[in-house]
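Working notes, structure below.
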Amino acid sequence: MLNKRNPQLNAHGELIHLLSIEGLPKAVLTQILDTAGTFLSVNDREVKKVPLLRGKSVFNLFFENSTRTRTTFEIAAKRLSADVINLDIARSSTAKGESLLDTIANLSAMHADMFVVRHAESGAPYLIAQHVAPHVHVVNAGDGRHAHPTQGLLDMYTIRHYKKDFSNLVVAIVGDIVHSRVARSDIHALTTLGAAEVRAVGPRTLVPADLKHMGVRVCHDMSEGIRDADVIIMLRLQNERMSGALLPSAGEYFKSFGLTEEKLALARPDAIVMHPGPINRGVEIDSSVVDGRQSVILPQVTFGIAVRMAVMSTIAGNNA
């Protein structure tokens, strides 16, 4: 039986779908982060396998392009011993006009156990979760501007790995926040986990004003936004989602909001720099920072496998 207040949870408060971080209790987030820690060592084994999803079929449905997310989901499922099916959307019946729900119905008839879904339309994973059988689980791998919960969780794992505790942290999220599903997921996770201060930093055209109602400090000046920050999360400009001229030029944007070593010096000396990728060097961040000692961008990718293993194994073990 589903939880009437949150479709991601069953009546016992256990996670059965991961659709958004918003509304999830701190205990659920902490459980996933703790579980991810136990899976991290699997990456270093000679045989990188555990049998938790043996006999289960995981369908990766990516209606938008992806490198890191799709690959790490596939690796994570295979390391859990699942059978992984990657649907080629461009060559599928979807490209011939088949509806999303008809596609899901047909794949469900093939005894799918889990759908990992990335879609351009916000809410698509919610729609799928409403129409699958009780034993089938749905993981949101990014839907429109709405949410990217596994990226949010791996960002939280990265922060916890390097900073241990959220309670005294100042976290600055810099860039195209208005179009970013990662920013939304990170903000919900950070506030739930008790970060001391969350800042949204960017030009007025790219930072939603309503973030203030979520307890987020909005800064339109880069120096103010990253001063004394413990964590800086850089975001790319999502030009594919922009409908008009929101910025004068990429060069002007970099001058005002690009992270350079000079600007990074305003943050705390032990601050870490994160980025969900893909990175546009020289637009939102300088190469010297990407490759510098404070960058933890590549460890984020490594942690992503363990976090996605934790998500899939957690929801697969819970029944609706």
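In case you wondered, yes, glycine gets a Cβ from its N, Cα and C as well.
Remember, it's a predicted structure, so these values are computed and weren't measured experimentally.
Marked as carbamoyl phosphate binding site by Swiss-Prot on the basis of sequence analysis: ARG68, THR69, ARG118, HIS148, GLN151, GLY277, PRO278. For LYS96, ARG181, ARG236, the entry in Swiss-Prot reads L-aspartate binding site, with the evidence type sequence analysis.
Location within the structure of each feature annotated in Swiss-Prot.
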residue	record	Cβ contacts under 8 Å, 6 or more apart
ARG68	carbamoyl phosphate binding site	GLY277, PRO278, VAL301, GLY304
THR69	carbamoyl phosphate binding site	PHE62, ARG118, ALA141, GLY142, HIS148, THR150, GLN151, GLY304
LYS96	L-aspartate binding site	none
ARG181	L-aspartate binding site	GLY142, ASP143, GLY144, ARG145, HIS146, ALA147, HIS148, GLN151
ARG236	L-aspartate binding site	GLY175, ASP176, HIS275, PRO278, ILE279, ASN280, VAL283, GLU284
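Within 8 A of the CB centroid of the carbamoyl phosphate site residues ARG68, THR69, ARG118, HIS148, GLN151, GLY277, PRO278, the other residues of that chain are SER66, THR67, ALA141, GLY142, VAL182, PRO276. When the neighbouring Cβ atoms lying within 10 Å are counted for each of the binding-site residues (ARG118, GLY277, PRO278), the highest count belongs to ARG118. Of all Cα pairs drawn from ARG68, THR69, ARG118, HIS148, GLN151, GLY277, PRO278, which the record names as binding carbamoyl phosphate, the longest spans 16 Å.
Of the residues the record lists as binding L-aspartate, namely LYS96, ARG181, ARG236, the two whose Cα atoms sit farthest apart are 32 Å from each other.
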